[in-house]
Structure formats: C-alpha cells, structure tokens
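Shown next, in structure tokens, is the structure this report addresses.
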Amino acid sequence: MTAWQRLGLEPTDNQREIKKAYAKQLKLIDQDQQPDDFIALRAAFEQAQYEAEHMAYEYDDSDDYFFENETSDVYVAQHHQTLSIEDQLNHSFLKIEQHISIYDINFNIRDELTQFDLLLQTCENSDLKNSYTDKIKDLLKKYDLDDFLTIFKDEETKENITPSIINQIYNDGTDQAELTPDHAEEVLAENTASLIPIYLNEVTEALWNKDIDDITFDKFKYLLNQKFDIPLSQQIQIKDQLIAPLAEIDSSTLQPEYFRFLELWHETYPDDANQYDQSYYSNLLQEKLTNYLSKRQLLKKLPQDQYLQLQELSGEKEFKPFKMLKLRRKFRKAYSKPTIDIVINEFQIQNSAQNQNYIFLKSLDNFKKLALISLIFIIGTFYFSEKLFNSTLYRETGFVTTFLFCLTFIFILQPIFQTKILGRENHEEKLISYRKIWLLSGFIFCGFAPLLPEILHQVLTYGWLVCSIILLGSIQLNTETGINKLLQSVFITFDIWMINIGLTAISIVLMTLFYLIGEPNYPWLVAYSLIPVSLLLLPESFRPLFYIFGYNKNRPELTEKKVFYKSIFVILFRLSWVFGFSFFLVSENFKSFMYASCIILASTIITGISTKTISSFIKYTTYIGLFFLTLYSIIGPIIIAYFLYCSLKAKKIIRA
C-alpha cells in the first residue's frame, strides 16, 4: 500500500490537503491499541509530504528533465527535434519510470506507453529498439503492470485486429472496410474511453438508488471487464467510485441480484477481501464480501425454489404460512433435527427477528416448549364443549369434533396469532399492554362472576382462556434464553426434583383453591388460577406488571431497592382496599369471588422478586415440607436430610 493510499488521498502537492487527510485517518486509529498502524500512518504522512515537495519542484522547473503535461506541444516538438532517438527514448523511459515508481494515479500510463511504442517503431537501430523494449517490459513486470505489455506486441499480432471487430462495436454508417489495423485499434480505444465515464456515472447512480437490475449489472460487468484495457488512473477511479454505493446496498436479506455483484467483484479483485484499508466503505464492503463467501457454496447447492423461499425469512415480507409449511417439510428431509434457528444460522440469514414467516416457523418448532399451555387448552376446550354443547348430537360426535378443533388451533391458528403479535415493530409495548389487560380482565371476570348469567360467564371464561393461551405462547416465544430460569438454585440433581415438586404442589393448591371458591355453580373458575400460576412460572416475563400495579413513577433519584419497596407498599395498599371492600360491603355470595380476585392481585408481588430468590425459597420450602410430611416413616426424613446436606455442601464448594 502506497503512502497516498494509506492516507486515502490522490497524489497532490497541496500540503494542507495532506495534513487534513492525515488528521482524518488518525481519528480512526487507537494509538495505544494499534501502535503499528499509527507508525505506518505517520510514515505515510512524512512520505507524502516529501513527494509533494518534490512534485511542486517539478511543476516549478520549466526546464525539468522530465516532460510534464503543462509543457506546450510546440515546445515538446521542437525539443524532440534537437534530441537523438536514443535521447528521446531515454527521456521517455525515465519519465514513465518516475511516475510508475511513485504510483501516480493521475499519470495517463497508457498514452505515455503508446507514445513510447511509437518512438520504438521509428527507431532504425534494432539493438537500441530491442534494448528499450526489454527495459520497458521489465519495468512493467516489476510493478505488476503486465496488462500493458500488450501495447508492445509485434506487427504480426497487430494485423489480427481487423475492421470486422470495429463493425461489431460501431455502426455509424462510415466505410469501415478501409480501416487499417492501427486505425482499428485506435477506434476501439476511443470507443472504450467514451463509454467508461458514461457507464460509470450511470452504474454509480443506480447503485446509490439500490437499483440492481440486469441492465445495471451488465454495465457493472462491462466496467470491471475493462480492468486490463484502460489506464491505471481510470482503473483506480472505477474501483474507488463503485466501492461506496456497492457497500451501502442492504445485504441483510438473501438477494441473488445483489450477490452476483459481489461475486463479480470478488472475481475481479480476489485479494480485496483481506487487503482493504481502514476507510469506512472499504471495511463495510469487506464484511459483506466475507459474509457472502462464507455461505456461497451452500447457496449454490440450494435449489432455486428453496432459495426464493429462504428470502421470505428476512426483512419485512408478506406472511405466507402455506409456503412456510412447504419449506419446513423440505428442510425436515435435509436435516435430522431441523429447526428454523438451524436454518437461520446455517445460511446466516439476517434481519429475521420480526419477520412473520420466521416467527411462524419458530412457533411450530417450539411445540415442546408450548406443550403445557397446549395441554391446558385441550382440557379447557373439552370441559367447556361439554358444558356449552350438552346435546345428543354433540355426545355422538363431540369428541372427534373437539379433538380436530384442538389440533387445528394448536398447529395452525395459534402460530398464526402469535406471528401477528410478534411480527409488529412495537410488539414489546403491545405485549406489556396485553399483559395488563389480561390480568385486569381475569380480576374482573373472577370477582364479579355472580353478576353474570352462568352461560355468559362460561363463554367469557373460555374466550379469556383462549386469549391466555395465545398470550402465554407469544411471551414464551419472545423470551430470551436465560430468562425465567427457576432452576438457578440447583446444586445437585435431587434439587431439580425438589423445585419441580414444589412448583407442582403450589400450582395444584392454587387450582384447588379457585375450584372450591367456584363450587358448586362456577367450577370453571379454576381457569383463572392460570394467572398466579403463570406469574410464578414466568416471573421475569411478567415483571412489568409489578411496576404497573405498584410504583410506576419515573424518579431518577430513587434507587431500584426503594422502587421495589414502594411498589410492594402500593400493591398491598390496593389489596387491602379491595379486601376491605369485599369484607365490609359485599354480600356473602360475592365475598369468596372477591377473595379470589385478591389472590390474583397479590400474585403480582411474585414478579418483583428475583428468580433466584424464588427458586431458593421453593427448593428449601419443599425440602422442609417433605421432611415433616415423612416424619412417620423412618427412612424418609433421613433421605431428605441427606440430600439437603449434599446440596448445601455443593453450594459451599461452588461459591468458595
């Protein structure tokens, strides 16, 4: 990398521009963490200053040894007439060598080499001609400019350029049959030179506008294919001008139209993936190239129809459940244990978190995770179906009908509803609102059940239960790994049994309590025990409810601990008000239902407690409870005490 390339600047004699470029690049380097890069940048800065001074000296000296562009054509012609052919060749060679050695991107190397070739053709001394031909070829090879060696081809090779080639490019009505090979080569060069600036501007503008259609790609391909037939300065211009717009195109979705641009770029500049400088767009394009190359082989092996379907998993796409079911079936054949996350990671598909098709497949893949709530739905559906449709026809066909409805809901309707909820951009805020509505509606339906006719309350309760299943499933799908871990206090395998036994026991007690409150007229009141049980099993997911029904004022001066205690105080105050209202003002028929509502409100306190504390409390309470329950047996308390001792010992070792 040259000094100018490291500074991200074209060669210039303007010291002010050099200092600005150095300051800009210096901001991108951490001098403490990147000392080598800083040293290299400093060396490039000093080298650029030296070359700029030398460049300015050349421009000021009208009698300089090398011929610059500012020298008039008349002067050059007169000066050449006074020099021998050997001097002219020497001067021209030194001039070319000078500009190539400093990597002058403003130097039109093709024109200078063409002029040098013309001088060689006028040289009658074959030894001199061969000597300078070898010199110029060695120079080009030394600086990896082998592409320009074709300029110094022999006459026999030039004859191969026929007017027919020109006719394929030009059709301007002129008589092409009389073109000589030299003239043909000149016309080809002029045509290429005139098309490149036009195509370059058109492609650049199209890429900035995210237009990557076939027309843009054909022009893009034409520009890159001219790499070996145009001056070095033009090569650099094409590359530098295309990097930024090409890098800015979004590659977070699977776009075969964009990937072909990256593929061609990699074929043209194969070393660029590892040799970019520190500029923003170069790094951005490098990341996209690396990402594409890492999955190129997989994408090439993928059938076209599956490739197109995979694109539906990234970005904002239309929801297509049936196509996703078809895609899932195909990948089940390709993978032993297929999940949508495996596919996403395998093909490095990005921007899929809020993609509805992705959420739909994720819901299907997490059937085991949602098995408990699906079981609750099945039990509830069979119970309410028998209550609501107690007829002879239902008794004959009810089981099959209800079972088919349950399967349809679990595997089709539930994933679709969850997809619609989680596919929204503001789904987090919506989920918080849904949690609040869910708890308040359960509180009201439970507490004021006697005010409603039984049949109406049954319908409302079943509707509430269905909405609860959808909401709980959406919350579980949206929960990150590591949240709601109630096994945090596990130190030995037996601890897992204790925690699960404790959770099961608490859930059964709550369900029994709600069932007894509803007996004999409202036994389905047991459905509302789902609220405290859910808050117990998913405390972190429902934590917003702790602050919604507690202390929800935003005061930065309050610590988290103070907010916690204030929230508990507010919830207890509201609970005491509801309990007092129920105890003193409500009739005996209402009291038990209002007490059930108090349990629902009180359960919000659980969500404010850390999961680890809940886990430890349940574990040790279960140990103690089982210890006393098994007192009448001899072996029971001994076993419980032994495992409790092992758990405490393991805890001490782990935390030591």
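In case you wondered, yes, glycine gets a Cβ from its N, Cα and C as well.
Sequence annotations record features per position, and here TrEMBL assigns transmembrane segment to 367-385 (among others).
Here TrEMBL flags 397-417 (among others) as transmembrane segment. Listed by sequence, the residues of this chain that lie at least six past the ends of the transmembrane segment (397-417) yet keep a Cβ under 8 A from its Cβ atoms are 321, 360, 363-364, 367, 370, 374, 377-378, 381-382, 385-386, 389, 466, 469-470, 473-474.
What TrEMBL records for 437-453 (among others) is transmembrane segment.
The transmembrane segment annotation in TrEMBL covers 490-516 (among others).
Nonlocal intrachain contacts for the transmembrane segment (522-542), taken as residues 6+ away from its ends with a CB within less than 8 angstroms of a stretch CB, comprise 376, 380, 383-384, 387, 435, 438-439, 442, 445-446, 449-450, 454, 457-458, 461-462, 464-465, 468, 472, 475-476, 479, 483-484, 486, 503, 506-507, 510-511, 513-515, 593, 596, 599-600, 603-604, 606-607, 609, 611, 614. Positions annotated as transmembrane segment by TrEMBL: 522-542 (among others).
With a threshold of 8 Å between CB atoms, the same-chain residues lying at least 6 positions outside the transmembrane segment (563-586) that come near it are 546-547, 549-552, 594-595, 597-598, 601-602, 604-605, 608. Sequence annotations record features per position, and here TrEMBL assigns transmembrane segment to 563-586 (among others).
Taken from TrEMBL, the feature transmembrane segment covers 592-611 (among others). For the transmembrane segment (592-611), the list of distant contacts is 439, 442-444, 446-450, 484-486, 488, 510, 513-514, 517, 522, 525, 528, 531-532, 535-536, 539-540, 542-543, 545-547, 549-550, 564, 567-568, 571, 574-575, 578-579, 581-582, 586: same-chain residues at least six beyond its ends, Cβ to Cβ under 8 Å.
The transmembrane segment annotation in TrEMBL covers 623-645 (among others).
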Positions whose Cβ lies under 8 angstroms from the transmembrane segment (367-385), at least six residues beyond its ends: 394, 398, 402, 405-406, 409-411, 414, 458, 461-462, 465-466, 469, 472-473, 476-477, 524, 527, 530
